[in-house]
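Below are the structure tokens for one structure; questions will follow.
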Amino acid sequence: MKAVGFIGLGNMGFNMAKNLLKSGCQLVVHDINAEPMQRLKVEIGAKTAKYPAEIAEECSEVVMMVNAKRGTLYISCSTLPPTFEIQTHEMLKQKQIEYIDAPVSGGVVGAENASLTFMVGGPEKSRERAEPILKNMGKNVINCGKIGSGQVAKLCNNMILGIQMLSVAEGINLGVRLGLDPAILSSVLNQSTGRCFSTEVNNPVPDVNPNAPSSRNYSGGFKCSLLAKDMKLAQEAAAESLTPIPLGSFTYQIYRYLTNSPKYRDLDFSAIYKFLCDEP
């Protein structure tokens, strides 16, 4: 049985987690107070997590038992289905709790230097309340409209990003096999109509851009598995809206294949170039 995550070990949460453990469930717990975590660890064998992110990484099912007073604003920065955001917003609205979706683009580098782009969806009052907070973490805060629209923008962006990277990797691989130096070809692309994020910033060929993940053995970037997850969400949204996305569907199948491969799943998504190079 996979472990279940549990966040919030107050008077109710502690006993709820205790009952899960007694039922034989493997549990990973977190609370801002170390004392209840330690009690569950010593008394019943729970595994503890120092940060909530550890639970999100390890567990597919997470129980949250945290208190939120009326007027609290929740800002959702994860990439999630738009319909989920709408349902969550409606549920919390009944409790007089505000909720907006604000997924991000810009990667680890953007998070480090506060240059992220936030795509924000939700009621105007809530968006305005969140904006000063988001501007301290990002360069661009874009109003996308109603709740869920931020996620729509994020899914479209990441689907395009995946298609873009596949096309760049294909094109450069073709050029290399025909005898062209990848650095020269990349220079041509960056001064021509083929210029894009995947040729300039995240070039998939090692050592063309020394700052790109490809020059670090494809480590430290946006994992193939994460892009595949986002592209799957785009597939589901397209199916719900009866929207044809032939290139998105094809690209998703390739990234799904890479995700199922231990060799590629944890590498930056530009490793699709390495995959193409390894093909005969």
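Each Cβ is built from the backbone N, Cα and C atoms, and glycine gets one as well.
So TrEMBL says this about it:
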- LYS154: active site (ACT_SITE)
- 4-64: domain 'Pyrroline-5-carboxylate reductase catalytic N-terminal' (DOMAIN)
- 68-145: domain '6-phosphogluconate dehydrogenase NADP-binding' (DOMAIN)
- 148-276: domain '3-hydroxyisobutyrate dehydrogenase-like NAD-binding' (DOMAIN)
Cβ-Cβ under 8 Å from the residue listed as 'active site', same chain, 6 or more residues apart: which ones?
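Listed in sequence order: THR79, PRO103, VAL104, SER105, MET119, ASP230.
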Take the domain '3-hydroxyisobutyrate dehydrogenase-like NAD-binding' (148-276) and count its residues per DSSP category (helix H/G/I, strand E/B, coil), listing them in that order.
85 helix, 2 strand, 42 coil
